[in-house]
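Written out below as structure tokens is the structure these notes cover.
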Amino acid sequence: MNPDTTLRTPYPMKVLKRGDIGAWPVVGALVAIAIIFSTLNDRFLSAQNLTTLALQMAATGTIALGIIMVLLLGEIDLSAGSVSGLCATVMTIVNVKQGWHPLASIGLALAAGAAIGLLHGFMLTRLRMPSFVVTLAGLMGWQGLLLYLLREGGTINLPFTGFISKLSDTWLPGWLSWLVVAGLVLGSGGVSLLNRVHRSRAGLPVTPVWWLGARSAGLAVLLGAGVLIMSADRGVPLLLVIFATLVVGFDLLLRHTAFGRHVYAVGGNAEAARRAGINVTRIRILAFMLGSTLAAAGGILAASRLSAVNQQSGGSDVLLMAIAAAVIGGTSLFGGRGRAYAALLGVLVIQSITSGMFLLSVDSSVRLMVTAAVLALAVAIDSLARKGPIR
Amino acid sequence: MISASGITKRYGAVQALDGASLDLRPGEVVALMGDNGAGKSTLVKAISGVVIPDAGTIAVDGAPVRIGGPRDAQALGIATVYQDLALCENLDVVGNLFLGAEDRFLRHIRMERATRDLLGQLDVRIRDIRVPVAMLSGGQRQSVAIARALLGSPRLVILDEPTAALGVEQTAQVLALIGRLRERGLAVLVVSHNLADVRAVSDRVAVLRLGRNAGVFGTATAAQEEIVAAITGAGA
Ligand SMILES: Nc1ncnc2c1ncn2[C@@H]1O[C@H](COP(=O)(O)OP(=O)(O)OP(=O)(O)O)[C@@H](O)[C@H]1O
Ligand SMILES: [Mg+2]
């Protein structure tokens with residue numbers, strides 16, 4: 001055995017060498033946004049504003065998470081906005097008009113999302129249509145179906161005190177928030193410590209303990225600050241917890257299961273994946289199903305916030321913001337690179353800009369231009385990182 | 001021993017192979033040479049199950065076997081490293097080595113350990129096996145592709161032009177690696193156009209010409225002119 005194989009520098013130093021800049025640009029952008037808007041308006045960093053921001057993130061963020069599943073394949077999903085609106089409408093109709101149980105209505109909406117994803121995946125893999133065209137058709141078609149379903153009235157309200165509306169008006173009590181934070185910090189710290197023990201037992205290079213400690217401390221400070229701020233207002237919104245749980249769940253799925261690895265493999269080199277015996281068609285269809293199901297989930301959360309669905313549900317800039325969030329968060333448009341956390345980071349950037357502009361009562365024209373600039377910057381960083389890794 | 005005999009394959013009007021034969025023994029590196037279009041790749045594909053020959057038999061240890069697809073070949077212990085390595089550039093070495101062979105829930109430590117051990121045994125030098133393959137040199141990638149072929153414990157490894165795209169030093173690395181495959185007791189078949197490489201690494205040279213056998217030479221005993229003459233058909 002030669003020593004070169006085992007020689008490794010600890011992770012933090014390696015990051016730059018790899019040409020993998022990771023989440024740092026986004027974090028930098030967030031800090032810059034916080035500084036700029038809080039100097040322009042002292043309400044930006046107030047507990048009330050930040051709590052509202054957290055509430056607003058969930059729907060778009062969940063849709064962005066679905067977009068990431070598809071982007072990782074090197075494909076695109078333009079239909080996510082329409083699908084979110086349509087599925088929310090289906091849920092609302094069976095709940096309000098047919099008197100279905102809220103949970104059954106939600107289940108039906110998610111199933112409808114999965115079925116739409118299955119159809120898109122089928123058109124992509126069996127009919128060999130490009131995903132751009134498949135989902136462009138979806139963008140128009142599902143929007144059309146939504147308008148058809150809503151044709152009389154145009155708006156359906158959800159009962160304000162009903163289960164679905166309550167989802168976005170439920171706040172975690174302080175003790176529970178702190179319990180969750182403690183659980184997350186201790187849990188993740190414990191797992192990485194255990195992992196370290198197993199690695200060193202297997203004779204594999206390990207991360208220095210101080211780095212694990214620093215990471216846990218950083219996580220504790222971040223989560224603690226969040227809970228502290230939101231507790232000063234209404235508390236931690238359930239919607240944020242749902243979104244965060246989805247992000248963590250999909251991160252685990254992508255990094256620790258064969259399915260997740262195969263998604264990256266198909267996005268990186270589909271032919272290599274096929275020759276390695278991976279059922280590429282199955283992976284593609286499953287990823288599209290997950291993407292559309294998450295779009296449906298995002299639509300449900302949006303309907304809950306609004307306590308209604310209408311002809312604008314899932315329309316206007318929902319899709320654009322979700323794609324922008326995924327890309328700003330660091331998901332590559334070229335496939336095979338990106339993580340679930342991109343949804344969280346990206347939507348945080350976008351909602352911060354939206355919220356800051358709103359506080360400054362800037363016209364939405366300016367908001368669109370600023371968001372566009374951030375998006376362009378994110379894609380430029382992605383392209384450069386892809387082309388010339390610093391060796 | 002794996003032997004192919006009388007392999008015939010016709011593509012429309014082109015007779016790609018016309019009764020070609022080849023014997024591959026454990027612990028022996030056979031170089032397959034021949035001019036462009038001589039049928040080398042077609043013969044390799046017939047053995048690795050990518051192409052079904054029109055006629056001819058393939059036998060393992062004297063018993064005829066049916067190779068109806070790449071899976072059959074793999075099951076018989078025949079591993080192929082194609083010219084376009086088929087690696088996922090975005091995955092790391094571990095991810096590429098185990099691609100398609102993972103457990104449902106990834107066992108990172110077991111896979112990384114096995115990767116390190118295998119690369120160590122083959123004396124492949126890769127500083128960090130968890131960087132994306134995109135960051136490796138051409139020789140290192142070739143080595144990863146070869147190591148991956150070894151994971152299924154094959155008896156025969158087929159390499160189609162493994163050094164075609166490599167510089168001097170990396171070619172030497174890959175040739176050394178092929179030598180270590182021989183030391184492990186594997187049968188190795190290398191397709192190559194490069195006489196110097198072939199002399200450095202092979203035990204025997206089999207030459208194809210227009211789909212037929214044009215001679216088998218002991219690398220140590222044959223003169224270079226003899227081999228070149230067989231390839232070009234001069235003096236035949
Ligand atoms: N799929 C195919 N369809 C039609 N003809 C083919 C096909 N594959 C190979 N041939 C023909 O069969 C003959 C042998 O091809 P083969 O690829 O085996 O040659 P080779 O010895 O590998 O050549 P090279 O050194 O250029 O790689 C050539 O004339 C080629 O054009
Ligand atoms: Mg060839």
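Each Cβ is built from the backbone N, Cα and C atoms, and glycine gets one as well.
Unlike curated records, TrEMBL annotations are generated automatically.
Listed features, source TrEMBL:
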- A:21-41: transmembrane segment (TRANSMEM)
- A:53-73: transmembrane segment (TRANSMEM)
- A:78-96: transmembrane segment (TRANSMEM)
- A:102-124: transmembrane segment (TRANSMEM)
- A:131-150: transmembrane segment (TRANSMEM)
- A:175-197: transmembrane segment (TRANSMEM)
- A:209-230: transmembrane segment (TRANSMEM)
- A:236-254: transmembrane segment (TRANSMEM)
- A:285-306: transmembrane segment (TRANSMEM)
- A:318-334: transmembrane segment (TRANSMEM)
- A:341-360: transmembrane segment (TRANSMEM)
- A:366-385: transmembrane segment (TRANSMEM)
**Request:** Verify whether three or more Cβ pairs under 8 angstroms connect the transmembrane segment (A:236-254) with the transmembrane segment (A:341-360), leaving out any pair fewer than 6 apart in sequence.
**Result:** yes
**Message:** If contact means at least 3 Cβ pairs within less than 8 Å, sequence distance 6 or more, would you call the transmembrane segment (A:53-73) and the transmembrane segment (A:318-334) in contact?
**Reply:** yes
**Request:** Sort out the residues at least 6 away from either end of the transmembrane segment (A:21-41), same chain, that have Cβ-Cβ distances under 8 Å to it, and list them.
**Result:** 15, 328-330, 341, 345-346, 348-349, 352-353, 355-356, 359-360, 374, 378, 381, 385
**Fill in**
Ranking A:102-124, A:131-150, A:175-197, A:366-385 by Cβ pairs under 8 Å to the transmembrane segment (A:78-96) puts first A:131-150
**Message:** Can you see whether the transmembrane segment (A:175-197) and the transmembrane segment (A:209-230) are touching - at least 3 CB pairs under 8 angstroms, only pairs 6 or more apart in sequence?
**Reply:** yes
